[in-house]
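Structure, as structure tokens:
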């Protein structure tokens, strides 16, 4: 079967996807090892029998809703190719807004930054790549996530990062940081969106929080006060309908200069504040 023939067949079978053509192209690139430009320019190239079998298996899994990132094992974030697995969240483009806001507020001089619930290490590695003069600490309570983040750091040859297992601040006693960032669980366990799309294949522990999705957010806001240098920043990603509640939690905890930033879809996505000791 030719590349172009397989693409047509795959696109027709993936109409339930938000991006059937791109999904099909990614799977073909993954199995053949060829780039998109080559595949489109040489569409008459023949697939081997082994490649056809691999593609059929992947196409079935994608048709059943399994995320493309899980099928290929890789997702790009901040132009960094990251290994992903079912043990962690798949990095989303909107989380790059958190990285942008963090970089805009970091002091010019070297400092220490903490990423809570690092997962793949996406946020921490993006900050470490952009600010090689800073020392990044990234923690996750799940050992599989810690191992994956360490693998990504090694693969990207990023040295200014320390990744360890910790239940939020449990292993960080006495340490202080100029900035703390986190994309914590913030979805209500009753949210119907948990039964839709990629999140069906992602760990609930990384998605769901008690108290209508606010429990971990409030915990981080309160506990970060002891881990920030005076005037340090806390930046949190949250759900698009949680902006007001998160701002109030910051204010009640004594933070200053509290504001919410919008994502690429113009939804409230990142709330931040400064804490003075």
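Cβ coordinates are placed from backbone N, Cα and C, and glycine is handled just like the others.
Copied from Swiss-Prot, the annotated features are:
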BINDING   117, 118, 119, 120, 121, 140, 168, 183  S-adenosyl-L-methionine binding site
BINDING   183, 184, 185, 186  substrate binding site
Residue 186 (substrate binding site) and residue 168 (S-adenosyl-L-methionine binding site), distance between Cα atoms, whole Å: 15
Spatially closest candidate among 117, 119, 120, the listed binding-site residues, to residue 186 (substrate binding site) (Cα to Cα): 117
Winner by Cβ contact number (other Cβ atoms within 10 Å) across the binding-site residues 168, 186: 186
Cβ atoms near residue 184 (substrate binding site) (within 10 Å, other residues, all chains): 20
Among 118, 120, 183, the most crowded of the binding-site residues [Cβ within 10 Å]: 118
Cβ neighbour count (within 10 Å, all chains shown) around residue 119 (S-adenosyl-L-methionine binding site): 29
Whole-number Å value for how far residue 118 (S-adenosyl-L-methionine binding site) lies from residue 185 (substrate binding site) (Cα to Cα): 11
Winner by Cβ contact number (other Cβ atoms within 10 Å) across the binding-site residues 117, 121, 185: 121
Number of Cβ atoms other than its own within 10 Å, given for residue 140 (S-adenosyl-L-methionine binding site): 28
